[in-house]
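Scroll down for the structure; my scribbles are underneath it.
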Amino acid sequence: MFRPSSSYLVRRISYVNGVAPSPSSTAAAALAAAVAAAVVVVSSEVQRPDGGSRRSTDDIVPRSSWSSWSSSSSPHTYAYTNKTRGGIGLAYCQGVDGMTKRRGENHYIATNAAMMGALGLGDVIRRGGGTTMTTNVIDATTGAGGVNVEPRRPYGIDVVLGSQWGDEGKGKLVDMLSQEYDVCARVAGGSNAGHTIVVDDKKYKFHLLPSGILNEKATCIVGNGVVIHIPSFLDEIDALEDSGINAGGRILVSDRAHIVFDFHQEVDGVIENRLGRNKIGTTKKGIGPAYASKISRNGIRIGDLRNFDFFEMRFRELANAHTRAFPGLVIDVEGQLEYYRSVAGRISAMTTDTIEYTNDAYVTGKRILVEGANATMLDIDFGTYPYVTSSNPSIGSVLTGLGVSPRKIRGIYGTTKAYCTRVGEGPFPTELERDMPGSIGEHLGVVGAEWGTTTGRARRVGWLDIPQMRYSTMINGFTALNLTKLDVLTGLTEVKIGKAYMHDGKIMNTMPSCLKTMSEIEVIYETMPGWTEDISKARNFEDLPENARRYVLRVQELLGVPVRWIGCGANRLDMIDRGEGWDLSSSSSSSVVEEADKANAGTSTAEGNVVITFNGPIYINGQPPASA
């Protein structure tokens, strides 16, 4: 049974078993007493399905008595929301679709098929972003014709993002999680991203395909926000199938995704060379120039290959524009056109409207997992500009690169190393010297095998940077963290955490935007004792040495986000999953609801909201809820 121990935000609580909470006592106390007594707790008023008089919650009886409410013309039994009050009533359906269904002129109802028949707490948001209980989160918006109620389902779109400068280990988590998902998607970036998965000591390296491709039951989407170098893309598919992974028919490419051409890659190198000592450190995969073509509105999209005459015309125009802009650039136009003519059929067979596909998958209850590329600190808007990539590899890319509503997103999982790395140029406040023999930097680089998947360049290494992570957490709204490569810290007598920045004698707790300021900040460190025990076989949090556990809990405390996953080695199984609903008492905060909510727990706010902590199962009509 799911036993919540974190807080819930309950909106519009009006009645408990038909009795309003006493003004002399807090609503929280009344609700807690009701839960302890195993009674029904719902919103104030619902409406009978036959359009009769409103019924307050003291009239709501166990589901066994609901049969009298059934309409002879319908196999469903509903309890409706009250359109005037806009409150959330009960959601019950004998059907199995769990979809919003209209009955009557002004009333809608949303049901949760997975927990059919459960009477819930009206409007419930679970801290931590996990599976919601009973009737889920139901958001009401007023529109023409009455109240339109849409559920936030217990399934949805979960997102794995990089929270540092990339190479955090997103692919491994995606590979592990994707075994339980129906759809896996990439939404931004291109072949400049590199994800490595180790399965049974065999390495798989992905640049354009989602790591979830290793789940042979999953459909993999390359969304419209991705820029695709077709030769590299096809080579990646061929290499995967040569290794025994069947990818046939499971890869869908957005017809709106833009193409990276060979001349984009050549231009990438030309621009980097022109910058000289001010170079960005680009991977020279043509990502920036391809996005530049997209923004300049002369780019070419995957869907254009379906009409090759149109594609050829656009290609010649784009090639001419680049040769004029970059004297000396030579493009084999005829040879390139011959190549694209030869692969057009293969690419077109994978091409579809992935926006429609993804939204349909969501509506039909399929679980969707998004694998972010690059990382937040490389975001063109939020990263250490100009030492960034040319896309938005933060949470916004899921919406713009996949074409979904933010209401469809459920969990947002930030991936971070137990230390920090960066490839290429740009600020790195907690950086350590890597080339000094016997140094901590050398230890992190060698033990952590810190060489870029895409470029092969040695990664720069440093301590975990809390101000940077707070900034990333603020932007993305992480509901849980994936702390990778904790095993790399094994053997160090002490470990450090960059806790704050100091500039001009003042404490800074977030990332400055100015590069000059970044170059002048000093880092304030917190030092903790290290550990020497091998943790590669740890599968439970309690298996970790005490000092390793203390380190994890301290990171969790400083960031106010639960550390759910802990990486203990390179292989797929070398990971601890602490699960959902575990006690976060060691942390200063949970995650989704603001810290202020915790301070106000048990009190009514000006908006009438109440934050309540339940320490046990919540009973519905005297019965425990279905396991989540």
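Backbone N, Cα and C define each Cβ position, glycine as well.
Look at TrEMBL and you will find His195 tagged as active site, proton donor. As annotated by TrEMBL, IMP binding site applies to Asp167, Glu168, Gly169, Lys170, Asn192, Ala193, Gly194, His195, Thr283, Arg297, Asn374, Thr389, Arg457. Annotated Mg(2+) binding site per TrEMBL: Asp167, Gly194, in sequence order. Residues annotated as substrate binding site in TrEMBL: Thr453, Thr454, Thr455, Gly456, Arg457, Ala458, Arg459. The compositional bias 'Basic and acidic residues' annotation in TrEMBL covers 47-61. Among the features that TrEMBL reports, compositional bias 'Low complexity' is placed at 64-74.
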Measuring C-alpha to C-alpha, could you say which of the binding-site residues Gly456, Ala458, Arg459 are within 10 Å of Asn192 (IMP binding site)?
none
Can you tell me how far the Cα of Thr283 (IMP binding site) sits from the Cα of Gly456 (substrate binding site), in Å?
10
Cβ atoms within 10 Å, counted per site: which of Asn192, Thr283, Asn374 has the most, among these binding-site residues?
Asn374
Within 10 Å of Arg459 (substrate binding site) (Cα-Cα), which of the binding-site residues Asp167, Gly169, Asn374?
Asp167
Counting distance between Cα atoms, which of the binding-site residues Asp167, Gly169, Asn374 is nearest Gly456 (substrate binding site)?
Asp167
One finds that other Cβ atoms within 10 Å of the Cβ of Arg457 (IMP binding site) number exactly 13
Would you please pick out, from the binding-site residues Asp167, Gly169, Gly456, Ala458, Arg459, the one with the fewest other Cβ atoms within 10 Å of its Cβ?
Gly456
Work out how many Å separate Gly169 (IMP binding site) and Ala458 (substrate binding site) at their Cα atoms, rounded off.
16
